[in-house]
Amino acid sequence: MPLGLRGKKKAAKSKETARLVEGERSGGSQGVPGPPAPARRLVFHAQLAHGSATGRVEDFSSISELYAKIAGVFEIAPSEILFCTLNTPKIDMGKLLGGQLGLEDFIFAHVKGIKKEVNVYKSEDSLGLTITDNGVGYAFIKRIKDGSTIDSVKTICVGDHIECINGENIVGWRHFEVAKKLKELKKEELFTLQLIEPKKAFEIGPRSKAGKTSTEKIGTSRGTLRLRSKGPATVEDLPSEAKAKAIEKVDDLLELYMGIRDIDLATTMFEAGKDKSNPDEFAVALDETLGDFAFPDEFMFDVWGAISDVKQGR
């Protein structure tokens, strides 16, 4: 199907995946199967990023389930959690929790802090913002370009959740919808953002110390737990260096063309194209799985080029 004539198709059903918790059978000395070994429980340690005791979370298969588990441990509402970082309580956008969770990772949940309202004059076509979301309805600022319109407004910070644009509540919108809304704002006019910043951390020594020792408690496996919006989570091997570079390139293209960063979306796009032989097959595969995004053709060709480079060893 030519790229220009792509139609939306019903998303292909994902193939059945392994259970989150699996047991292994050990063989007896006489060749008779022994009793099943105790099921392995995947337990992760978590803290509130602004300071708290350490809690334990387990038995979840999606981001929303994980947030509910964390909220239950710390007796807060799941809607209070803006996003999570891995192995650091800092607002480090390179350490965001997405659809993959290392089996040794320590989770820090960043919760709602101060609300603020900011008026911005759109002097340029581009605001200099990169948007991402937490997978459960909260879009937030992942990057601010140096010297941009937003960079000049010092009250707007990386990590701020965008709650409203010009009075319109956007909770529940995906990152690409928020980016599109911001891009469509008229140049040389004022607009208003209602933001919620993450609760600020108290500088408590023991908290960072706990983060350093957490991996000893969790285990030594180097796999990752892949969280999915539908179906069970699965334990997978870490991606190869070549695959990781290709996914990062796709993520860079998402930022360039759409003003978003989403490593899980980039991974899904890579997986859709890795066994395709030409860009038209790739376009059909993306329409089946990600048709709602309506990616531009030029973007699709660039993504196909990034995937092809990896397949050809470049």
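A Cβ is built for glycine as well, from the same backbone N, Cα and C atoms used for every other residue.
According to Swiss-Prot:
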type: COMPBIAS; residues: 1-12; note: compositional bias 'Basic residues'
type: COMPBIAS; residues: 13-25; note: compositional bias 'Basic and acidic residues'
type: DOMAIN; residues: 117-197; note: domain 'PDZ'
type: REGION; residues: 1-36; note: region 'Disordered'
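Across all of the domain 'PDZ' (117-197), the predicted model scores a mean pLDDT of 94.
Applying DSSP to the domain 'PDZ' (117-197) sorts its residues as follows: 12 helix, 31 strand, 38 coil.
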